[in-house]
Structures are given as structure tokens and as C-alpha cells.
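Visitor: Sharing a structure with you now.
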Amino acid sequence: MYVELVDETGQVPSEIIEQTKEVLAFAAKKLDLKESTEMSVTFVDNARSHELNLQYRETDRPTDVISLEYKPDESEFFFDEDMELPEELLEEMDPFIGELFISIDKAAEQAADYGHSIEREYGWLAVHGFLHINGYDHYMPEEESEMFALQEEILTAYGLTR
């Protein structure tokens with residue numbers, strides 16, 4: 001999987017950037033995503049996170065991670081409105097699945113609050129957002145249980161334990 005990483009803050013250590021790429025590639029293999037899959041991750045500060053949270057979620061505060069899932073629109077590729085395409089073909093034509101925005105301020109706060117390493121927190125946020133992009137959610141108790149169990153399984157197998 002290809003992950004484009006952007007550090008808008010200029011403060012994220014190169015080790016965290018590499019870890020983020022690696023843990024997302026690891027998670028992609030766990031979900032059996034194609035190697036051609038692409039996504040982006042942008043590291044932001046709380047001010048930018050607040051702005052994005054307001055824009056995309058209509059929530060007036062910063063948050064730790066914002067996940068924007070991308071679904072290709074077949075109308076961008078074909079003019080025949082009556083033609084329906086299999087999802088696999090759409091994925092091949094546009095392998096970009098979405099983007100994450102991770103707040104470095106929230107990552108530092110939460111690592112301290114939860115008493116684990118900053119590496120663990122960045123990994124947690126990346127995998128959490130990645131799972132959202134891939135259809136997982138935690139609004140209902142059974143969804144939360146499934147998503148959080150998978151998230152912990154990925155992080156533990158990768159080596160980011162509490």
C-alpha cells in the first residue's frame with residue numbers, strides 16, 4: 001500500500017512518519033487490501049484539527065483523528081448512466097481509499113493521559129482512522145467491540161503494545 005504522508009507542523013519525527021507508513025501497510029495486509037491501494041495521512045496541529053472537524057463533522061473543537069473515506073464515483077469514468085460497474089473495477093481504476101488528519105497536539109495529550117508511549121498513540125490513531133476509512137465504526141456496542149478488537153490485534157501484532 002502506498003501512503004502519502006504530509007507533516008504540516010514540521011514537528012513529527014522521521015521515526016513516527018516511518019512507523020505510520022509501516023503500521024498502515026501492516027493493517028492493509030491484515031484486511032487483505034490490494035498492494036495498489038493508496039491513502040494519505042496529514043499531521044496537523046489542534047488549530048487545523050479544529051478547523052477540519054468543524055468543516056467535515058460540524059463539531060466545534062479539535063479532535064485526535066479525522067478520517068475521510070473516498071469512494072470512487074463511476075460517473076467520473078463513464079458517460080453511460082445505465083451502466084453499473086463492479087466495485088472491484090472501480091477500485092482498480094481509482095485505488096485511493098481516503099485520508100487521515102492526525103493532530104500531533106492531541107496525540108501528545110492522549111499519550112500522557114493514557115500512560116503509554118507517543119509511538120503507541122500515533123499508531124493507535126493511524127490504525128483507528130484507517131479502520132474507519134475501511135468501513136469499521138463504533139457507534140453501536142457490537143460495532144465498537146469488533147473495531148476495537150481488530151485495532152488492538154493489529155497494534156499488538158505490529159509490536160505497539162500498551
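Counting begins at 1 with the first residue displayed.
Here the Cβ of each residue, glycine as well, is placed from N, Cα and C on the backbone.
Sharing the record's features from Swiss-Prot:
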BINDING   HIS128, HIS132, HIS138  Zn(2+) binding site
Visitor: When you measure from the Cβ of HIS128 (Zn(2+) binding site), which residues in the chain that are at least 6 apart have a Cβ under 8 Å away?
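Guide: In sequence order, VAL65, SER67, GLN151 meet the Cβ cut-off.
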Visitor: Where among the binding-site residues HIS132, HIS138 do you find the Cβ with the fewest other Cβ atoms within 10 Å?
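Guide: Checked HIS132, HIS138; of these binding-site residues, fewest Cβ neighbours within 10 Å: HIS138.
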Visitor: Take the mean position of the Cβ atoms of HIS128, HIS132, HIS138, the recorded Zn(2+) site. Which other residues of that chain put their Cβ within 8 Å of it?
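Guide: Going along the sequence, the neighbours appear as SER67, GLY129, LEU131, TYR136, ASP137, MET147, GLN151.
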Visitor: Should HIS138 (Zn(2+) binding site) be counted as helix, strand, or coil on the basis of DSSP?
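Guide: DSSP assigns HIS138 (Zn(2+) binding site) to coil.
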